[in-house]
Amino acid sequence: MFDFMTLEKVQERGPLVHNITNIVVANDSANGLLAIGASPIMASAKQEMDELAKMADVLVINIGMLDGELVEAMKIAGRAANFAETQVVLDPVGVGATSYRRKVVQELLAEIQFAAIRGNAGELAAIAGEAWEAKGVDAGVGSADVLAIAEKVAKEWNTVVIISGEVDVISDGTRFAKVANGSALLPRITGSGCLLSAVCGSFIAVQDDVFRASVEACVSYAVASEYAEMELERKLPGSFRPLFLDALASWSVEKTRAKAKILESGEHK
């Protein structure tokens, strides 16, 4: 099912990825998208959202830094993208951390149809209404079944859910996959999850099967991080960051297939 050819489609087509994101990660997200062959646009003015929806191949909404004006822009952009039949991805950064974030995400989910939602276990648990001890924008700790959370949110919101962690879990409510690739250094650089959301968006833009696109994006991204770590003399985040960008720029179907670790995939019982 997963041949990782979506990666080549991204390189061939260069999808335009409209990002409404936060200032902490905007630069790395843009450079990461350029590295894989996509074309990023980082725009958040509500006055241009309707026009951008007609131009972009996918919209990625990231709630990392919120204010009222930005939330309004997100809603306008999401509705316009839905009208234009442009896929939309949500990264609910830190949704479990504050009541304001939870309120905003519930409003976004109510007004916009998302093709995919990507976050950590704590963020998706908050959306699912499951008990979880959030730690700011980090995953925190909890005992709930991550696969069950993914299935629940996917079914409730008719979307594909991508839960990042030591093992990534992807579900569309019917099908699921577990991915065990990835460098331990990824969580040590700010914005690695946000960039993954943007990368997932670029794959979704060129692949009709959103579940397949999401799995292949997660594997390809994680495998690139492993190749970057192999180049390190010392396993430090400052050295890893530019090597990871280089690994994204030089990734290939062959490299991904050689190291892909899909632990399990199939249909929910």
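Placed from the backbone N, Cα and C atoms, the Cβ positions cover glycine too.
Taking all protein chains in view, 16 other C-beta atoms sit within 10 angstroms of the C-beta of Met42 (substrate binding site). Positions annotated as substrate binding site by Swiss-Prot: Met42, Gly191.
Around Ser164 (ATP binding site), the same-chain residues at least 6 positions away in sequence with a Cβ under 8 Å from its Cβ are Arg118, Gly119, Asn120, Gly193, Leu196, Cys218. The feature ATP binding site is assigned by Swiss-Prot to Arg118, Ser164, with sequence analysis given as support.
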Local Cβ density at Gly191 (substrate binding site) - other Cβ atoms counted within 10 Å: 22
